[in-house]
Amino acid sequence: MVQVSTHSATQSIPMEGEALKNWLQTRANQIIAGDRLSKQEALALTAIEGQENIFSLCEAADRIRQACCGNTVDLCSIINIKSGSCSENCSFCSQSVHHPGQDSPIYGLKSREEIVTHAKAAADAGAKRFCLVSQGRGLKYNSPKSQEFEEILATVQEIIETAKIKPCCALGELTLPQAQALKEAGVTRYNHNLEASENFYPNVVSTHSWQDRVETVKNLKAAGIQACTGGIIGMGESWTDRIDLAFSLAELEVESVPINLLNPRSGTPLGHLPKLEPFTALKAIAIFRFILPQQILRYAGGREAVMGELQNLGLKSGINAMLIGHYLTTLGQPPQQDQAMLADLSLIGGEAPIPGEYQPQQAT
């Protein structure tokens, strides 16, 4: 038993068996009804061990997902529009000029025609959103350069006009006017991850700060663009760091939360780390769902590499979105395989609701 304080009382959490399962189901019902998990409760849940007990946690998280988000799994795809020689020193990334990873591609901005062609292919594969991702610290620092930004805006508009898919962007840090320009061009969602907790962040990046990233998220929200903001699990951070990250995302009221599972890249400072254990990843996903009941939780990088044949379990542990197709510098599995996995789980690929949008169907 672990003694914790909830938002309304002090109680004990059993750590195994039927007692744990009953506590989790009761707490899930309370969260579905509008209560919120306390940080102390969340930290207590990290002590759950053993596959059967973790399955109980995942089952309760899945009930929250069904009740608060429904059975539609948000499908998106990405394209690396400019790669390599990045000025930043993110320890997990093979595109950094400080530690270029083995076999990491280096090229300038792709042509509008090539990007639009990929957008149409992503739509044909079932993706509902298509994210244009560029290396560099960000538009705020003229990276991509200003003329490249204008070309990206024009490309976004052409995707809207010619492809049956919604364009998103991930162009690094930006100012409020730059966010407003993206909004005017038709961008409704922008990816800018916090990557880690504020406490752990200096261990993986030193060329910019965690607060720099938070400022960009706030600029996005102020411009009326949905924030697709999450992080990476498996960089050597503690469970406290993971919980702190989740609560920071809740405080920022982001709409979509990519959960990346570190796939260590040779040549990077984190390349020596072991891959995350799949059940550790499942536990993290489930706890994130308890903390973020209405957010879109997105399987992102590392899904295939870390989860392997257990990928489907994430979709029954709180996940309700995923990238399909390839990632920035690594390959993903064929979209048809993802669609088959969803069908086996009686889930529907599409566009998931953002917080406050889901309306459960009323029985007639």
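Using the three backbone atoms N, Cα and C, a Cβ is placed for every residue, glycine included.
Residues or ranges marked as [4Fe-4S] cluster binding site by Swiss-Prot on the basis of sequence analysis: CYS86, CYS90, CYS93. The secondary structure of CYS86 ([4Fe-4S] cluster binding site), as reduced to three states from DSSP, is extended strand.
Taken from Swiss-Prot, the feature [2Fe-2S] cluster binding site covers CYS131, CYS168, CYS228, ARG298. CYS131 ([2Fe-2S] cluster binding site) falls within a strand when secondary structure is assigned with DSSP.
The domain 'Radical SAM core' annotation in Swiss-Prot covers 68-303, and the record cites sequence analysis as its basis.
Following the DSSP three-state reduction, the secondary structure of CYS93 ([4Fe-4S] cluster binding site) is coil. Distance between Cα atoms for CYS90 ([4Fe-4S] cluster binding site) and CYS131 ([2Fe-2S] cluster binding site): 20 Å, as a whole number.
A distance of 25 Å separates the Cα atom of ARG298 ([2Fe-2S] cluster binding site) from that of CYS86 ([4Fe-4S] cluster binding site).
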